[in-house]
Each structure stands twice: as C-alpha cells, then as structure tokens.
Amino acid sequence: MAKLFRAAIMGPPGSGKGTISQRIAQSFGLQYLSSGHFLREGIAAKTEACLLVKTYVERSMLVPDHVMTRLMLPRLEQLSGHSWLLDGFPRTLGQALALNNLYQLDLVISLNIPYETLKERLSDRWIHPASGRVYNMGFNPPRVQGKDDITGEPLIQHDDDKPQALMARLRHYKDVAKPVIDLYKSQGILHSFSGTETDRIWPYINSLLSTKMHTQPSDTCQAQTP
C-alpha cells in the first residue's frame, strides 16, 4: 500500500495561499481542498452542514469548531485513498486536534507576509461572490474591469478587505493561528516561508515538497490522483 501524503497550508488573508495551493496541487498531484470553496459548493447544493455554517457567516459570527469539523472531516474521509492539501482548515487549535485524531499530517506550510504587502494586495482584491474567484488589479486583473471573466457577473470588494478592517483581521488571525502553529512546530512538521512576492516564495516551497515527497515510497504518486 502506497504511503499517502497529507499537508495543510496556513496564512493570513492576502498571503497567496490560494495561488500557492493551486501550484502545489498541479505540480505534485495532491487533491486540493479549500474550506471556502467546499463551503460555497455545499451552500449551493443546500447540504445540511453547509447551511448551518451559512447561518453563522450571514451574522458575521465565528463558526464553532464542532460545526467546521462536522463539515470538513466527512469530506476528508471521502478522500481517504488520496493524498491531499488543506487550505482554510484547520483554523483553530480545536479543529487541529480533531483532525489529529483522524490523520497525521506530513507537512504544514505557514506563510509570513509583511503587513504592508497584505494591505496592498487586499486593497486591490476583488471577488466573484458565487464562485469565490479572486482578482487582483495589480497582477491578476479581470479581462473586463469589474466583471468576472467566466460569468460576466459583477465583482465586489469585501468590507473586511478594506484597510480599516484589515488590522483587526490580521490580529485575529495571529491570535487564533498561534496555538495551531505551535502544535505543528512541536510535531516537527511546520515549515514557514517569508517574503513579499509569491513567485519568489514558490521555488522554496517547490523544493521542500520535492524533497519531502521523494522521501515517501516510490509508488506514492500512483495513489495521488483519483
């Protein structure tokens, strides 16, 4: 039986997690599971767990750990025969411990991006609400200003992406993420990357994953793609 590879990526809003996650998934054949994308799909399909999460999101309330784990862990069980990369889960220590009870992660990537860089990226960030597609007016603009490339529907800018709300978001992220980061550091699986440009960080992440995954049994890749 091939050894499967399980990883997670962490980082504050605007850190480039989505871009790096897509590159990892494409380069190494990992199943990419974004909690945000999965949640939007579930809300559209009106699944019970996702609709429960929606009630918290609509009230701008934090989603309790037991609700998020109820949403995410069954999905991971469906991927039990595959290697995967998690983005957006676990966010809290409670979620990390619940995940730990089922799976031992092989690697956790933590992105450390300076505040000024995050502020600049998020002030230029526009989103297509229905799909979650993200555009950046600086380096990934839509083909038609203010419109989604695929549907042509209007893009929006979240209030919490605006500078006045960003500092509070980052402070909250650091407070919640610290015990999770400490847990994975204590397990010896945390790898942190700092920088201001995703394209400069990526080669180091690519090199790390190449090394880590090549230390797995040689038939690992056979089990990575469904």
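Each residue, glycine too, has its Cβ placed from N, Cα and C.
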According to TrEMBL, which stretch among 34-63, 64-93 corresponds to the feature region 'NMPbind'? 34-63
Cα nearest ARG169 (AMP binding site) among binding-site residues (GLY14, GLY18, ARG125, TYR135) -> GLY14
Surrounding residues of the region 'NMPbind' (34-63) on its own chain - C-beta under 8 Å, 6+ positions past either end: 18, 21, 70-72, 74-75, 86-89, 91, 130-132
Nearest of the binding-site residues (GLY14, GLY16, GLY18, ARG125, TYR135) to SER35 (AMP binding site) - Cα to Cα: GLY18
